[in-house]
Amino acid sequence: MSENALRLIASYVEEAAAARARFFTDHAELVDAAARTMAVALARGGKILFCGNGGSAADAQHLAAEFVNRFELERPPLPALALTTDSSALTAIGNDYGFDRVFAKQVQALAGPSDVVVGISTSGNSPNVLAALRAARDKGCVTVGLAGRNGAIVPLCDYALLVPSDRTAHIQEVHATIGHLLCKLVDHYLFEAVMELGPYLEDH
């Protein structure tokens, strides 16, 4: 391996680790609060809906699968779906109303006030994700956003999980870790530490 290749690897890994460390140093409590709210929603019979574009669409499908199947804990399936998978709905809505509405109309059709809608956008400005979160708010859903440093997504979210990086790849990598921790913490609250969730069920 060349010295240049080694330097590229070392630099990339160092930057990625720094972005991850900065995020979790500053936002661990916010991740926990979002996960706890998701657990409350599921305990009350709600579901989790995910949306995003490109790599974030893959994240949406990945996380929905972790809830429906399982993450690490052997437990019952949890209701979750990615709004990125129904090609007929996506193309019908896109054709008739435009790409900006492909998630929002699904939220209007499928979401209820006991649900949580998670929008994933590395820029924080994806129009169709923003529209989905607006629709979710109109339906009375809790909204969670995964994004980069900022963006129009922030005021639309009850929980805005913002990664302090300008590199899309590093933002996506931290989003994957956040997603796994949301799964792990939801499992913890629903199946390992049920008593910890009790007061929040009473408060909501």
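From the backbone N, Cα and C atoms, a Cβ is placed for every residue, glycine too.
Feature annotations, courtesy of Swiss-Prot:
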BINDING   N53, G54, G55, E66, N95, D96, S121, T122, S123, S126, Q172  substrate binding site
BINDING   H62, E66, Q172, H180  Zn(2+) binding site
DOMAIN    38-199  domain 'SIS'
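All protein chains considered, the CB of S121 (substrate binding site) has 27 other CB atoms within 10 Å.
On its own chain, S123 (substrate binding site) has A147, G148, G151 as residues at least 6 apart in sequence with a Cβ closer than 8 Å to its own Cβ.
The Cβ of G55 (substrate binding site) lies under 8 Å from the Cβ of T122, T168, Q172, each on the same chain and at least six residues away in sequence. Residues near E66 (Zn(2+) binding site) in space but far in sequence (CB under 8 A, at least 6 apart, same chain), listed by position: G179, H180, C183. Its own atom aside, the Cβ of N95 (substrate binding site) has 10 Cβ atoms within 10 angstroms in the protein chains shown. Proximity of N53 (substrate binding site) to non-local residues of its own chain (separation of 6 or more, Cβ distance below 8 Å) is seen for S121, S126, N128, V129, given in sequence order. Model confidence over the domain 'SIS' (38-199) stands at 97, taken as the mean pLDDT rounded to a whole number. With a 10 A radius on its CB, H180 (Zn(2+) binding site) counts 15 other CB atoms from all the protein chains. Of all the Cβ atoms in the protein chains shown, 21 others lie within 10 Å of the Cβ of Q172 (substrate binding site).
The Cβ neighbour count for H62 (Zn(2+) binding site), using a 10 Å radius and every protein chain shown, is 15.
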